[in-house]
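In what follows, a structure is listed as structure tokens, so that the remarks can point back to it.
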Amino acid sequence: MANLLVIHGPNLNLLGTREPKYYGSITLEAINSNLTHQAAQAGHHLTCFQANAEHILIEQIHSAAHQDIAFIIINPAAFTHTSIALRDALAAVAIPFIEVHLSNVHRREAFRRHSYFSDIAEGVISGLGPTGYELALQAVFARLLPP
């Protein structure tokens, strides 16, 4: 059994009502419930965390290093394009992570096309809606298998 962490960045608490054109109508609670169930079925423990403040997300990442977290799935949301501090926190704890985005950031405004995380992530999934989280979780399961 592995301990896994899903981190959701700013404004993702508004899923279900926020710009459904880009983010769909599913709620964050529904995404978290689905992921938690899938992880439990695979024999893993999954914790989901959301915050709108950068420093709170950083503190969560720092504490992951002391909680035996084997893998992180993160949707940094708007911090993708702005937060060197969040990137540095992920690099500092050296826990492998997959970057997820609900919308296809490459089909949106130009400023959304740059990520401070992609080059240090194990992988990036963008534009597949909530299915992107599920695919990231499946990739995590595959990486946790013994060689």
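Glycine is treated like the rest: Cβ placed from N, Cα and C.
Per Swiss-Prot, the features are as follows:
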- Tyr23: active site, proton acceptor (ACT_SITE)
- His101: active site, proton donor (ACT_SITE)
- Asn75, His81, Asp88, Leu102, Ser103, Arg112: substrate binding site (BINDING)
- Arg18: site 'Transition state stabilizer' (SITE)
Cβ-Cβ neighbours of Asn75 (substrate binding site) (radius 10 Å): 25
Length of the line joining the Cα atoms of His81 (substrate binding site) and Arg18 (site 'Transition state stabilizer'), in Å: 19
Neighbouring recorded positions, C-alpha within 10 angstroms of the residue listed as 'active site, proton donor' - of Arg18, Asn75, Asp88: Asn75
Alpha-carbon distance [Arg18 (site 'Transition state stabilizer'); Ser103 (substrate binding site)] in Å: 12
Neighbour tally for Arg18 (site 'Transition state stabilizer'), based on other Cβ positions within 10 Å of its Cβ: 15
Arg18 (site 'Transition state stabilizer') and Asp88 (substrate binding site), distance between Cα atoms, whole Å: 29
Alpha-carbon spacing, Leu102 (substrate binding site) to Arg18 (site 'Transition state stabilizer'), which is rounded to whole Å: 12
DSSP three-state assignment (helix, strand or coil) for Asn75 (substrate binding site): strand
